[in-house]
Amino acid sequence: MDQYDSQQTNDYMQPEDDWDRDMLLDPAWEKQQRKTFTAWCNSHLRKAGTQIDNIEEDFRDGLKLMLLLEVISGERLAKPERGKMRVHKISNVNKALDFIASKGVKLVSIGAEEIVDGNVKMTLGMIWTIILRFAIQDISVEETSAKEGLLLWCQRKTAPYKNVNIQNFHISWKDGLGFCALIHRHRPELIDYGKLRKDDPLTNLNTAFDVAEKYLDIPKMLDAEDIVGTARPDEKAIMTYVSSFYHAFSGAQKAETAANRICKVLAVNQENEQLMEDYEKLASDLLEWIRRTIPWLENRAPENTMQAMQQKLEDFRDYRRLHKPPKVQEKCQLEINFNTLQTKLRLSNRPAFMPSEGKMVSDINSAWGGLEQAEKGYEEWLLNEIRRLERLDHLAEKFRQKASIHESWTDGKEAMLQQKDYETATLSEIKALLKKHEAFESDLAAHQDRVEQIAAIAQELNELDYYDSPSVNARCQKICDQWDNLGALTQKRREALERTEKLLETIDQLYLEYAKRAAPFNNWMEGAMEDLQDTFIVHTIEEIQGLTTAHEQFKATLPDADKERQAILGIHNEVSKIVQTYHVNMAGTNPYTTITPQEINGKWDHVRQLVPRRDQALMEEHTRQQQNERLRKQFGAQANVIGPWIQTKMEEIGRISIEMHGTLEDQLNHLRQYEKSIINYKPKIDQLEGDHQQIQEALIFDNKHTNYTMEHIRVGWEQLLTTIARTINEVENQILTRDAKGISQEQMNEFRASFNHFDRDHSGTLGPEEFKACLISLGYDIGNDAQKKTGMMDSEDFRACLISMGYNMGEAEFARIMSIVDPNRLGVVTFQAFIDFMSRETADTDTADQVMASFKILAGDKNYITVDELRRELPPDQAEYCIARMAPYSGPDAVPGALDYMSFSTALYGESDL
């Protein structure tokens, strides 16, 4: 007995090791065991021409016990003692017990004295130990043995029968249907199973016992009344009797083996079909998501407000952070599943899987490329729209400010120009009106630039497609029309004044000088106030420094401006002094201007108040630009580290995939550890994303401190994750190929060493010319020294390689081989396809002929098989799988319902249509 069998026996006999010498058996169980064990012993002793009548008495002298062991083991025991004394009997029983122990059975609490003394419990325990070792232990079904194996065998054989559920060796057998099912499964002509009733256990049991004794040579070891009358029949008695059925039907093992082979092949086919369905569904879902997402990314409908565009940008960020990453993982998993499926199909000798139209991996990649192109364009559009809206808001505010200032200035000017006051004025009043008009013209000319600026801003707003352009255009048109009218009215009034100019002789030169100097100074102050209150937008620290420099230059002009103000006020003071001195009736106002000293002082004070406010605004903007510069440097420093790190990792993965260090499992472990280290780097990517978000929120568009953008980093990171996952999958597929095809580690190393030798650019691939060089180094005359590196052979190179190895390459044979190694008709042969072909030529795999032979066994050497035979020999689900797919048999020996298992077998391996 080998170590495995010994261990199995010890495991199962463990409960008997604690045999209680004084504990009494249940009377019903003892009765069943007596009958069953006696019948079992007699079934073997009758081969030696003897039997026992009383199990505890007939084994007392040890003679029949030794004879029983010789019959069931086929071995000779030591010569028995023939004496009648107690010592002779004990010696014989000890020889029998020693023989049992020599078979690896551990006997505890069972001694020769108890057997000689006729101890019923010890005698039954000893016989049960013999039954376990010689009738049950060697039962093996699907890698299980002894009790578990026998139970599995019963479950397998009775599975197709209704009202039969074998779960144990006691109450599951009380109704007798289990025994009848075992007989009907192997000898259906002996029992009409359809007439049996679950509520008539006595009839069922007696039918099974009688048929087994009459036709199967299995002695009647049980009484139907005992089983029905016992709440829980004795397990040992049931197991002993059921084991006799197992040995009686062991001849059907050949058919069961054939059925197992078919089940294995069908299970592989069903698993592959499920994998194909899963691929199709995942591909469809991913393509549908891409189809729905691209129109959203291609939508370029602009928004009218900055808030709305900011919301679109936030939605896009959510898409990049939350929605796209899972789809990237799904795409990577889809490629891995496709490669794994193709490897399993090759290993199981099945044709390659061709997804439905539009769902190839290349189709997925093409659709994904379109998605990323749309995504890139969408992000650029968003940023440009935000810049545009920002520029529009700034221009619109500037337009409103300038328009309000101009409208405030023009308020009342038309009415003033339309006055007829010169008609009744005195000479001095006429002269004053003329000078006043000259001053107004000067003021009007000074406002010409503002009107042109307003029109230019309105034009730019139209060109930038400002959403409120109609109102802007209407306001601008109103200003321009008013300006034209002012020009016409001004010209008309001047002509009227000039007609009376000859009548005017005097004019107050001081008021005139005051008006001429006050008007430009007033315009200067208004321009200064306008500039000091003008909003500004900058994007770099250099721009804010330029504004600050210009502001400092403006402040440097304030002392000279203050001198001009003092001079203008001095003129007014001199006029007042003359009026006071000479009592001139001037009506208290300057006839040449409406600008008063109080207004000049008020505007001057306002200018001085605006200067520190402008200082504060420039200082705050300078601080903000410094913060933006800090963000640029912070992002640039991290990006300049992460970008090269990703590139280095990509190069290291490429080197790992082509170098040979240890076994494929070592390489796989190395790659998985490498993948873990890469995943652990993710927090730095997330940190960089956070810095990038701050930069976008700060509306920073350029960064001179780095050439890396966040898009570069994202694409590199996604490519790095995809590359390490794909490399791990390639090594896993190599392990599958090696294990399934029986390729040794040394052979795999030799294949890889030759491959790496000619992969001079370490790209992981061989071009046609490199492969030719490899063949030439082996002694084949291929011709052509030029070399490329693509990792493939063209059809002629591959044919020459096969001929050099001894293959007879006719055109038809070569075409057949090329259809295997190049199913997509690309005209090249990959390294993996070459290894698969060579390993398939030498490996022992399931073939269509083997499956047909197995079906022929189940069909009893017929050229067809019936539905009943399939359901009897195969599990229900796989039997129905065959019935649904087998074509009707149409041969000359066909019977109604005959199925063609030959065409079904060839279809499983792609040699015909299923």
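Keep in mind that glycine also has a Cβ here, set from the backbone N, Cα and C atoms.
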Review point. For which of the residue intervals 150-184, 430-464 does TrEMBL record coiled coil?
Key: 430-464
**Study point:** Annotated range (TrEMBL: coiled coil) out of 209-236, 265-292, 713-740, 769-796
**Key:** 265-292
Review point. Can you tell me the mean pLDDT for the coiled coil (265-292)?
Key: 83
Revision key, fill the gap. Helix, strand and coil residue totals from DSSP for the domain 'Calponin-homology (CH)' (144-250) stand at 65 helix, 2 strand, 40 coil
Exercise for review: Take the domain 'Calponin-homology (CH)' (31-135) and count its residues per DSSP category (helix H/G/I, strand E/B, coil), listing them in that order.
Suggested key: 71 helix, 0 strand, 34 coil
